[in-house]
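Working notes, structure below.
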Amino acid sequence: MRTHYCGAVTAADVGNTVTLCGWAHRRRDHGGVIFIDLRDREGMVQVVVDPDTPAAFKLAEDVRAEFVLKIEGKVRPRPAGTENPHLPTGMVEVLTLDLDVLNPSLTPPFQIDDETINENIRLQYRYLDLRREPMQKNLKLRYRVSKIMRDYLDTHGFMEVETPMLTRSTPEGARDYLVPSRVHDGMFYALPQSPQLFKQLLMVSGVDRYFQITKCFRDEDLRADRQPEFTQVDLETSFMGEEAIMGLVEGMIRDMMQKAQGIELPAAFPRMSYAEAMNRYGSDKPDLRVTLEIVDVGDVMRDVAFKVFATPANDPKGRVAALRIPGGATLSRSEIDGYTEFVKIYGAKGLAYIKVNDVGQLNEAGLQSPIVKNLSEAALHAVMERTGAQNGDLIFFGADRAKVVNDALGALRLKIGHEKGHVDGRAWAPLWVVDFPMFEYNEDENRWDALHHPFTAPKDGHEDWLATDPGKCLSKAYDMVLNGWEVGGGSVRIHREKVQEKVFAALNIGEEERREKFGFLLDALQYGAPPHGGLAFGLDRLVTLMAGAESIRDVIAFPKTQRASCLMTNAPNVVDEKQLRELHIRLRNPIAADKAA
């Protein structure tokens, strides 16, 4: 139907006849000549319809926004002074010879180029929202990113293998989406949270190098960077250790970002242990572009009169830490109050601070704060020395359980760093976070939980602690972090059945439960399972970062809202009683039951 995309018409086509198809973006009537900006996925070109083609002119008079048009015309230079250097096609226009309205359009609920549209309206009319240039760019970038990674993995000997979407429910840290079985009364499938166990079984099968770009599902509370269904670039390989796997996927990300957007990442990503990341940045996914750092001061606060500091300083699970803000003494009282309210989101009870007016006077004459009188000179000296405080700085303090302090000061570090310009100017700051603990203690249930998942291998020499002191065990896990986002995570897996049994025991998973939920894996590990490991990248997160999008929803064609609903199709929805009977399901909620009747 067409010879060219609208956005592909250039000065090289001057004098040629072209056929274009697209949407009427804008129509203007100037002194008896009609101008139509015709748009398709590749861009826009100006079309001119004059009375010398009366049939086309008559049709053009009735054209409105978003009509679908087919236009045959001759490419000519724009008249001098009317060129548009901001448009790739801005040096030419198409003089219409023939016009056909392929389909009219209702008046759209918003202008396609309106950047202030309410997101709910955008999601309700997603098929119109996707016509907008930013959304088209995001979809193209997403496709290019996935294609480059697929090509890279193919070049490195990986084979794409599909794994099941209907599987069994196994605990992986979030709630499963359950699918009732019609033929197995009272039984359910689960949609996979990841292909984790299947890709390990593929390694046992001798596939050697596997990858898949696949949908995963988690029934969890949503945030800006989460969706109930999301896309993973998933890979697994046999006979490779941590360093080899990290090197391979680091090369993939470097290759992809260079080819997709011309971004040059460093030749080798820095490495940082989990413990160091938490200590210095309060997060296991630190944004290294922010120059502010958290400093421990708990050891010098154990004997101070200020109980807010002394109590957590003497608690093995507590932490007292400081965050220096260069030039922060100029912060107003209202700004400090705002930051105090901000950290309360993360469980902090408040936010103590000291304004440094004269670092040489370790008393109320040189340090402005109601807490100074309750701190010893030795403690104040240690704080000033460790933080590197200078005159005009401000020091914030966190004092609570270690998790609260890390969460609160870690978030505050990012907020102030970006708001006040405490960044180093880099556009991209990748790193690997390594040496994660195997387990974290669940105080509510008085048990150990796997920090990543229960199939992660312990560090060499740590296996013996699984039974005696699980908290000391470190794992062969690694996360790739980019600008404060975890874009990928993986590990070397357990390939020996006896070690897997020990990990299940440390997690208080009894023998009967192990066999019921993971018997197939334990059996497979006894049939010559090779050493193996892998990693999964969140494609949605990665593209969001690269696109500079505000939300992950902006890089997904048909996303769900933060309430896990689709405003366009009204999913989820009720189903009729006949369908429920076939699935052997009766609704206990009377409202839902009435709707289904």
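Heads up, the Cβ atoms here are built off N, Cα and C, so glycines get one too.
Look at Swiss-Prot and you will find H30 (among others) tagged as site 'Important for tRNA non-discrimination', backed by sequence analysis. H30 (site 'Important for tRNA non-discrimination') falls within a strand when secondary structure is assigned with DSSP. Within its own chain, H30 (site 'Important for tRNA non-discrimination') has no residue 6 or more apart in sequence whose C-beta sits under 8 angstroms from its own.
Around G81 (site 'Important for tRNA non-discrimination'), there are no C-beta neighbours below 8 angstroms that are at least 6 residues distant in the chain. According to Swiss-Prot, the feature site 'Important for tRNA non-discrimination' maps to G81 (among others), an assignment based on sequence analysis.
Counting only residues at least six positions away in the same chain, the Cβ atoms of F436, S475, A477, G489, S491 sit under 8 Å from the Cβ of H452 (L-aspartate binding site). What Swiss-Prot records for E172, R218, H452, R493 is L-aspartate binding site.
Look at Swiss-Prot and you will find 196-199 tagged as region 'Aspartate', backed by sequence analysis. Helix, strand and coil counts from DSSP across the region 'Aspartate' (196-199) read 4 helix, 0 strand, 0 coil.
The ATP binding site annotation in Swiss-Prot covers R218, D219, E220, Q227, E486, G538, L539, D540, R541, and the record cites sequence analysis as its basis. A simple way to gauge crowding: the CB of R541 (ATP binding site) has 20 other CB atoms within 10 angstroms, across all the protein chains here.
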G81 (site 'Important for tRNA non-discrimination') - helix vs strand vs coil (DSSP): coil
Between 0 and 100, where does the mean pLDDT of the region 'Aspartate' (196-199) sit? 97
Fewest neighbouring Cβ atoms within 10 Å: which of the binding-site residues R218, R493? R218
Between the C-alpha atoms of L539 (ATP binding site) and R218 (L-aspartate binding site), the distance in angstrom, to the nearest integer, is 15
Work out the three-state DSSP category of R493 (L-aspartate binding site). strand
